[in-house]
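Novice: Sharing a structure below in structure tokens format, with a few things to ask.
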Amino acid sequence: MLLRLELSALLLLLIAAPVRLQDECVGNSCYPNLGDLMVGRAAQLAASSTCGLYRPQNYCILGYLENERKCFTCDSRSPYNDYHNPSSHRIENIITTFQPERKMKWWQSENGVHEVSIQLDLEAMFQFSHLILTFKSFRPASMLVERSKDFGRTWKVFRYFAEDCANSFPGISEGPAHSIDDLVCDSRYSGAEPSTEGEVVLKALDPSFDIHDPYDSTIQGLITLTNLRVNFTRLLTLGDTLLTRRKRNPQDKYYYALYEMVVRGSCFCNGHASQCIPVDGARGDTFTEPGMVHGRCVCQHNTAGYNCERCQDFYHDAPWRPGGKADSDVCKRCNCHSHSEKCHFELARYLATGGVSGGVCDDCRNNRIGPQCELCGPFYYQDPQRSVDDPYACIPCDCDLDGSVDRGLCDPVNGQCVCKQNIEGERCDRCKVGFYGFSRDDPSGCQLCRCNFLGTIQVGNPCDPTTGRCICEHFAYGSQCDQCLPGYWGLGNTVYGCIPCDCDIGGALKTECSSVDGQCKCRPNMVGQKCNDPAPGYFLAPLDFYIYEAENAAPLAVISPFIGPPPFVYPTEGIPERPTKLPLCPPAPKPSSVPYREHITVQPSPAPHNPQVTLPMCEHYFRQRGYDFKISNGRLVVVKREKRQTRRRRQGQRTIPFEPGSPLQILLRQRANDQSITWTGLGFVRVQDGAGLRFTVSNIPATLDYYVVVRYEPESTDDWTAIVSILSIGSEDERCPNDQSNKMFTLPASGRTATLDLPVCLSDGNQYHVDITFRKQPSEDPHSSSFILIDSLGLIPKVESVPNFCSQSYLSQFQQYRCIELAVQAGGQTLPEVCEMLIGSMSAFIHNGAVSCNCHHVGAYGSSCSKFGGQCQCKPNVIGRCCDSCAPLTYGLGPNGCSPCDCDRSGSTTELCDQTTGQCSCRDGITGLQCNRCYPGYYGFPLCRRCQCNRLADICDPITGDCLDCREHSAGRNCERCEEGYVGDPVSGQPCEPCLCPDLNGSGRFFAFSCNKDPRSGAPYCECLPGHTGPQCDSCSPGFYGDLRLPGGRCKECCCNNNIDPRDGDACDPVTGECLRCLHNTEGPRCQSCKRGYYGNALAQDCKECSCDRRGTDDSKCPAGSPCFCDQDTGQCPCRPGVQGALCNECDDGYWNMDGDYGCQPCNCNREHALNYICDKITGQCLCQPEYGGRICDECGPNHFGNPDLQCMFCDCNLEGTVHPACDAYTGECLCKPGVTGPFCDECAPGHNNNFPACEPCHACNHLWEKIISDLSLDAERIETMMPCPEDFRSRPELQHLQNLLEKLQNVLNMGAQDELKKLEELLARIRNETEIIDPNIIIIDPTLLLNTDIDYIRLEFNKLLKNLREKAKEGPVTDIKAVNDIFNKIKKFYDEFTDSEKKVEAAKKVQEASRKTREKVTLELAKCQIGEMDKLERKVKALSAANINEEVCGAPGDAECEKAKCGGALCGKCGGPDCTGSLPISLNASKLAEMTEKNITALRSQLKEADAQLRNASEMTSYVKDQAENMMDKINRTKTKYEQEKTDTKALIEKVKTYLQDELVKPEDIEKLANAVLSIQLPKSPDEIKDMIEDIKKILANITEFNDDLEYLEKQAKIAGNMKERAKEILNRTELINVKEIEKALNDTAKLHDKIFNDLDEAEQNNDVIREKVNETEPKLKNIEDHLNLTRAKTLLDEIEALKNKTEMNRAQGKEAKDTADAALNSANDTGKDLEELKEQFEKLKLNSTNQNVSSEANERLKNITMEAENLAKHVEDKMKEIEDLEEKILLSNERKDEMRKELEALQKEADDLKKFIVDKVQRYNLCSP
């Protein structure tokens, strides 16, 4: 009954819990409480290994100090029970139960099993928090934790744990993690401490990371799981599993043992539940297990599922998501407006609504559709009077079936019908705007109005809705209003529809244009929309285009000729049949070859009755008369330069008669810069009263009426009358009848143009002569001029006569703006825009389009010209409208234009030249293209005097008059002397005769510059060439060679590279030139190489003696008794193999023992055990790995044992109780000190006290009892050992099997292997004997395992030997018999050595046996307690110890500890010291002293030999002191270098020996070997003999005074060449031996001088800054000067500017040099300051140490030198300062000069600008002439 009540209460609690939790989760996320997931899941927990699960198993523990018992039994066959089965260690024991005796139960794995796993399987998805493992045993050396989310199908690693992560889990990064999902290895939980109750903690999420979204997929992947597995991969052991000194299996104490495992987590509900209930189908005991975490969520927030992972039905309007702070938008109820009870979620709708609604209703009722059933279905629409929830709100559609589509389908919201394409209205019952013709049969309902919207009125409907007729805009027509009326275009471009055409009246053929783009129809070569622009390459002619110059007209009156220069006749050309087709730029007439003169008469065209002759074109006429044309704005400006000797009638003009006796003269008008041009052409024709001119007109463009215009200039105030007669040469044109009578009009004196009142009609196909006679009207002034100046005749078309040209309005504008008056005026006035437009249109009308430019293909830059006027763009010096002629004073039309004539004014009669050849007209006696030189035989232009050459030359230099090409072997300026190689006197008529030196000049054997006559004897003598000597120069001088007997032989300088004495006649072979007496230690046919045994640059006289170390040098290149032969260029000595260094004085890496018989020998370091192949270059010791030793690392190292080919293991001995080395290198047996025992030498031996490590001996009587107890104990242990154990019986079959294997191995390994096994057996026996005394409680290893280990080692050795044997077998048969013999000999030698060693071992065994007997005797004596005898025996034993030996060898008693023994000993790693008197330190000191003494003796002997050789050579080679001094300096330097190198090497050797002796790993036998080597060094006899030898050397050197003087002089010269910094350093060096007391005053003076130098340098720096600023100011000024340079300036000005520029550059360079000098002086002064500071410090030190010293004369001399050099330094600085000041003055003068030049350039620039402005103004006022 009570149980039933409890169940009922629990059920009520479970039912009420969701209601309470629902309130807690409203609007917020909620989570179940954390708990231990292990609780209640014992059945779901499993382990891969558990001890005693099938049978009881023993296990042992480590460090169990509470009880003597160390081994226990595990029996897990039944569950754990405190009373009945406390030894059960099943996996369920690790679940936390909170029992009082919690530590009494645990889970434990089997012994020695490394890989063990524990797995927890959960029934649902849980959220994991952290894991805690509490171990009873050591924590694992490595382990990992895995998780699964799919109930064990796949696994992922949580975290790795290892003591050594790199070896346990290679490739896994060691912590810490950088992100939440980093997979790392943690080493914090895998150490050996603590040995129990150690923990391993794993947190799912590292708290160091800031987690923003706990429901992120990455986070969920880390914290959710269905299974958890812990994998232990390696046990943590203490290294004793490989030892061979245990009787029990060490694996028994290594296993995994866990007190508890806590897996903290909770039910995973995605934030939508705070409570969980059991999962369906789970265990039935869930209600009885307190603290269990269940797996099924009690979901809130309208969610469902085990983990609340989905929404409830009909709650899909918002997507499911994990719980958060605001969960109002999670799993919302769908809104279907009461028309459905089912829905689903669509992400696309949710995104489209901006996250408002994502639910889509299913199966809508009441004609409803839509995601929320909010729309009416097809053919229904929403009744606006009803709500959406009303089941009757959708009513049927009402559409016109003729105008709607889809059978009357309407809009479901407003009921609007779906109309046809062109129908509108709610019921689709009318046409849209812009459409017409409503019809049922039309698919679109109505037709589109076909109106052009550009031409249609856009107000309302553009067409009638019934008929479709369009309503047009203005000027548009057509049924669709898509066309413009004729004369209009641009439909829709304006508000008026179309715009009128605007075609040019002359350029267009008609006024109509294209209605699309307004393009008019143009005349030929006219372009543009209006046809008002000429095409490229064409132009429009101006109104005054047809001008006929008076200079080209023919005279009407014939006057008798007068005497004058010959006339200039122009070639004639025929007149073409069609004048209208005459080119506007006809070919230029060929220029005459007759030179131009100042007065030129022109033969005019023949009489008027000869129509086939015409005057040349105006451009040619002007050009041939030396006038320059310039173009500006379509106008021609003629410029005439002033010439010397030019007769002028008036300023700016000259006259040229037409012909002899003619009353007409051509008046050339000179243009002034400031005068406007009021004429055309070259100038005027001066016509006498009554005379006339005939103008030929043959280029009429069209049959029109033309106004006749005469341009003139009166010479008086009288009016003139012009009588005009027009005569047609061809037949009369009916279209153009003319009155043949004369016409008259007045030329008023106040005007410049006159126009015939009535126009004349001229036809385009005819040629006319226009005759004009000029009459002066009567005048009251009898002195008035009877001449008038006629400029030109012009024909101006009459606008009114042009048929159908322009309207009355255009004519009114033409007259209003006085277009004709402006056009006929000369001077190039700018026309108004109206006039220019009308004239251009008329030109296009008259010429039927534009006129071709016809630009000359050579003279013009292109084919285009100016649009109005047609002026082409001419190249330099090219003129004419077509750019077809050279400008005056130029010639040679070509690709680059025309070249200037450049006629020399002094030699030419005019500045004009032939325009084809460029030949100028020269004066008498002058020739040349530019008339700038004299005729051959004359010189001195322009005076041109005859050459003076003594009749021995015909021509001379045209400038200097020096004769050229003198004959009869004469030479000189006037051929007044004989040429080289001849002798005579040409002035006096004595001929030049050849010299014989020794043969004639030109014979190939003439070796003199010339010859001469002796003034006394008159005999000729030769002046020899360099290198020749003798009366006839027939032999070579010293230092020269050559075979003068051969043709072409010469004496050439001997090429010996400055390595011979040029004064020595025998220095080189006189015939071959081979060098015979080479100096400076050189050799070779050219002394081009250093001698053998020397190296360096022979070309620079720098050959030094080789300094090779004979120990490391190849014997063949370094023979005994002679110097070594090194590389003659680099000095590299030829080293033996394994030796390196320029002097072969150092072993190469991988080699050692420089003092060996064959140089350095290889290190041969063991590749497997050495860190690298390099060893110590003195001892050969390789750098071994920590566990290896020996010279080549082929042995086990100190404190290690084993087989070095397999493995060396640490001895694990107590170093305080062992000797050195600590253990046996092969067996590992610890070698204990006396009084110490134990397998690890860690306890005191019997008979000694227990104060380890001191272990003082007990009383002597104690040995009696000790021996008795020991014997009894040994006997008991032997009896115990002989008793068989059950385990021994079990292992006998296995031992038998192993014995069989050993026999097989013995057969394979032959005798050697049997011996080794025998030794191993003996070793095992010894080990067993030694271990008898071990404490029986200590764990003993089973001997079976030991034997297995030994067999494994033997097997490895056998495999290794077998592998080597197979490799040798693969190499094939041996063919090198000698190598085989050598190997055999080596093997034999090694065998002999092995035999000797074996004998020594046998002898040692005998000694050992004798020692054993001795010990037995001692023991026997001790047993008798004979104290006196025991003391004697102790003294004898001590005498046999190493202490006395240490004292004798190292210098101090050897019984002290190594830390306290200052001199060390045999076991201390060192021997000897500073105050030690042993044999070894004495020998070391003797070695150092011997080495130093040997160096001194060697140096002194070398100096003695050199001094002796110098004495012998000094008397024989006095003339070569300089060369000998240089050689001596080289030898001294080499000797110094050699001694310094030997000193350095010796220091390095001593340092290496010191380092070697200080090394703790050095063996005593190696120290002894090194000491013997030092003692074997030969020392001098006595120090007194050394002193005597030194004194003798000093005496000998003191006698060499003359040589020392020369050497001192050379050294002084070399020192003078040094810089100031080196002098300052020398000052410091010279003060080392000076007494301070007497030079303090000089030092103070030097300090003051130092301060003064600093002040001067500061001023120099300031001046330098001023100079730098001046230079910076000069550079922009110089740039301005360069920018203002003008090419038109005279050459002298350019030269001055260039000189100024060079001067400025020089100043800049001097300024920079001064700056560099000042900087160098400043740096030097700074260095000097530093050096002086160092001097002061040195003086202060010397002051303390030199109180009793006397001042020597040498010190005084050095002091004087210091003072003198300091003064020189100050003077040098002052000189530099003065140079800087001078340079500053020069820069100032240069700046003033530049300012003057700048002002002059500015004035010239202004003058050039004014001139340019005037020229431009004049060019603009002149137009080109007509063709």
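Yeah, the Cβs are placed from backbone N, Cα and C, and that goes for glycine too.
Marked as domain 'Laminin N-terminal' by Swiss-Prot: 26-266. The disulfide bond annotation in Swiss-Prot covers Cys299-Cys308, Cys334-Cys343, Cys376-Cys394, Cys419-Cys428, Cys901-Cys913, Cys934-Cys944, Cys995-Cys1011, Cys1054-Cys1068, Cys1090-Cys1103, Cys1135-Cys1144, Cys1165-Cys1182, Cys1232-Cys1241 (among others). The annotation domain 'Laminin EGF-like 3' is assigned in Swiss-Prot to 397-448. The domain 'Laminin EGF-like 5' feature in Swiss-Prot is assigned to 501-544. According to Swiss-Prot, the feature domain 'Laminin EGF-like 6' maps to 853-900, an assignment based on sequence analysis. Residues annotated as domain 'Laminin EGF-like 7' in Swiss-Prot: 901-946. According to Swiss-Prot, the domain 'Laminin EGF-like 12' annotation covers 1163-1210, on the basis of sequence analysis.
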Novice: What residues in the same chain, six or more past the boundaries of the domain 'Laminin EGF-like 5' (501-544), come closer than 8 Å to it by Cβ-Cβ distance?
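Specialist: For the domain 'Laminin EGF-like 5' (501-544), the far contacts come to 483-484, 486-491, 634, 794, 796-797, 805-806, 810, 819-820, 823-824, 837, 839-853, 855, 863-870, 1823.
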Novice: How far is it from Cys1182 (disulfide bond) to Cys1144 (disulfide bond), counting Cα to Cα, in Å?
Specialist: 22
Novice: What's the CA-CA gap between Cys1068 (disulfide bond) and Cys419 (disulfide bond) in angstrom, rounded?
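Specialist: A Cα-Cα distance of 126 Å.
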Novice: Including all protein chains shown, what's the count of other C-beta atoms within 10 A of the C-beta of Cys1232 (disulfide bond)?
Specialist: 24
Novice: Going by C-alpha distance, which of the disulfide-bonded residues Cys299, Cys334, Cys428, Cys934, Cys1144 is nearest to Cys1232 (disulfide bond)?
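Specialist: Going through Cys299, Cys334, Cys428, Cys934, Cys1144 one by one, the Cα closest to that of Cys1232 (disulfide bond) is Cys1144.
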Novice: Please name which of the disulfide-bonded residues listed here, Cys913, Cys944, Cys1054, Cys1135, Cys1165, is nearest in space to Cys394 (disulfide bond), Cα against Cα.
Specialist: Cys1165
Novice: Which residue, of the disulfide-bonded residues Cys308, Cys419, Cys913, Cys1068, has its CB surrounded by the fewest other CB atoms within 10 A?
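Specialist: Selected from the disulfide-bonded residues Cys308, Cys419, Cys913, Cys1068 on minimum Cβ neighbours within 10 Å: Cys419.
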Novice: When secondary structure is assigned with DSSP, how many helix, strand and coil residues does the domain 'Laminin EGF-like 6' (853-900) contain?
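Specialist: Reading the DSSP string over the domain 'Laminin EGF-like 6' (853-900) gives 0 helix, 23 strand, 25 coil.
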Novice: Fill in the CA-CA distance, Cys1054 (disulfide bond) to Cys913 (disulfide bond), as an integer in Å.
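Specialist: Between the Cα atoms of Cys1054 (disulfide bond) and Cys913 (disulfide bond), the distance comes to 63 Å.
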Novice: Of these disulfide-bonded residues, Cys428, Cys1144, which scores lowest on Cβ atoms within 10 Å?
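Specialist: Taking Cys428, Cys1144 as the disulfide-bonded residues, the minimal 10 Å Cβ count falls on Cys428.
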Novice: Counting each residue once, how many in the domain 'Laminin EGF-like 5' (501-544) are helix, strand and coil under DSSP?
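Specialist: Its residues divide into 0 helix, 16 strand, 28 coil.
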Novice: Give me the count of other Cβ atoms within 10 A of the Cβ belonging to Cys1182 (disulfide bond).
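Specialist: Result for Cys1182 (disulfide bond): 25 neighbouring Cβ atoms inside 10 Å.
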Novice: List every residue in the same chain as Cys934 (disulfide bond), at least 6 positions away in sequence, whose Cβ is under 8 Å from its Cβ.
Specialist: Gly925, Ile926, Thr927, Gly940, Phe941, Cys944, Pro958
Novice: Compile a sequence-ordered list of residues in the same chain as Cys1135 (disulfide bond), six or more apart from it, whose Cβ lies below 8 A from its Cβ; state 'none' when nothing qualifies.
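Specialist: For Cys1135 (disulfide bond), the qualifying residues are Gly1112, Thr1113, Asp1114, Gly1141, Cys1144, Gly1159.
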Novice: Which ones in the same chain are close to Cys376 (disulfide bond), with CB under 8 Å and 6+ residues apart in sequence?
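Specialist: Once residues fewer than 6 apart are set aside, Cys376 (disulfide bond) is near Asn367, Arg368, Ile369, Gln382, Ala393, Cys394, Pro412, Val413.
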Novice: Once the DSSP letters are reduced so that anything not helix or strand counts as coil, what is Cys1103 (disulfide bond)?
Specialist: strand
Novice: Counting only residues 6+ away in sequence within the same chain, which have a CB under 8 Å from the CB of Cys299 (disulfide bond)?
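Specialist: The list for Cys299 (disulfide bond) reads Cys269, His272, Ala273, Gly305, Cys308, given in order along the sequence.
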Novice: What whole-number Å value do you get for the CA-CA distance of Cys419 (disulfide bond) and Cys343 (disulfide bond)?
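Specialist: A Cα-Cα distance of 34 Å.
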Novice: Cα-Cα, whole number of Å: Cys901 (disulfide bond) versus Cys343 (disulfide bond)?
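Specialist: Distance (Cα to Cα, whole Å): 108 Å.
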Novice: Between Cys343 (disulfide bond) and Cys428 (disulfide bond), how many Å separate their Cα atoms?
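Specialist: Cys428 (disulfide bond) has its Cα 37 Å from the Cα of Cys343 (disulfide bond).
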Novice: Can you give me the same-chain residues 6 or more apart in sequence from Cys1090 (disulfide bond) with a CB-CB distance under 8 Å?
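Specialist: Expected: Asn1081, Thr1082, Glu1083, Gly1096, Ala1098, Cys1103, Gln1128.
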